[in-house]
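For reference, the structure discussed in these notes is given below.
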Number of protein chains: 2
Amino acid sequence: MKHWFKSIENDVAGTSYSLDKVIAELNFDADGLIPVIAQDEKSMKVLMFAWMSKESLDETLRTGKMCYWSRSRQGLWRKGSSSGHSQTVKSIAADCDGDVLLAEVSQVGFACHTRRHSCFYLRFWEDKVTLIE
Amino acid sequence: MKHWFKSIENDVAGTSYSLDKVIAELNFDADGLIPVIAQDEKSMKVLMFAWMSKESLDETLRTGKMCYWSRSRQGLWRKGSSSGHSQTVKSIAADCDGDVLLAEVSQVGFACHTRRHSCFYLRFWEDKVTLIE
């Protein structure tokens, strides 16, 4: 499955491939999903982690707005469609074995459903975990 | 499964919980694993994405060095144990539903097995994907 990504890993910086080819080689899991990390393009904070199906990735690339796959609702999750807290895509990258995506986004409002900027607000410190936001 | 994280989401910033309690409530998946995002503490670049078991998380917290779970080898993956490219933990955070971890690390050498700083070196841009590192 991961042979194509292996085959290009020694290519030099600046080498390009067709987007269609890379998407066709991405390693979606047994449920047809790929993990996605969303990072704020300005603060560089990691905002959230979610999943995309092929369909939601296609929509994201077509519209420039992050569209995830909701595993609980088993449907497209157009981020911000009810809350208004949408994410505009600034860039997307795939990792070395093509099984994770990283999106830099411009976030309107809050990434987290709790109205915090980032979902990662539970900080481990020594023998405690503290709400940092 | 996620009731505990739900129950604390309206607590105020600064509230603390016992680390043991939070770890006991983390939502490891059906394989006993939790996704982990590693971010460089200085550059804020997302370096890699991997998985931890309860055992590897315990070791990471005990030693202060990132220890993942290798799904391909089905064993503990002490990052850098053969390459020397280890990661010292600066902080760890859990997300709002306790099913993802984010680690800020100090990276020795390269995070990626391809000797690139980050695994996310395949940048999507219009109809192409380009090696950016």
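Glycine too: its Cβ is placed from the backbone N, Cα and C atoms.
Annotated features, as they stand in TrEMBL:
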- B:Asp95, B:Asp97, B:Asp99: Mg(2+) binding site (BINDING)
- B:Cys96, B:Cys112, B:Cys119: Zn(2+) binding site (BINDING)
- B:48-121: domain 'Phosphoribosyl-AMP cyclohydrolase' (DOMAIN)
CB within-chain contacts under 8 A for B:Cys112 (Zn(2+) binding site), separation at least 6: B:Leu47, B:Met48, B:Ser118, B:Cys119, B:Tyr121
Among B:Asp95, B:Asp97, B:Asp99, the most crowded of the binding-site residues [Cβ within 10 Å]: B:Asp95
Which of B:Cys96, B:Cys119, all binding-site residues, has a Cβ with the fewest other Cβ atoms inside 10 Å: B:Cys96
Residues of the domain 'Phosphoribosyl-AMP cyclohydrolase' (B:48-121) by DSSP state, where helix covers H, G and I: 10 helix, 30 strand, 34 coil
For the domain 'Phosphoribosyl-AMP cyclohydrolase' (B:48-121), mean pLDDT (0 to 100): 97
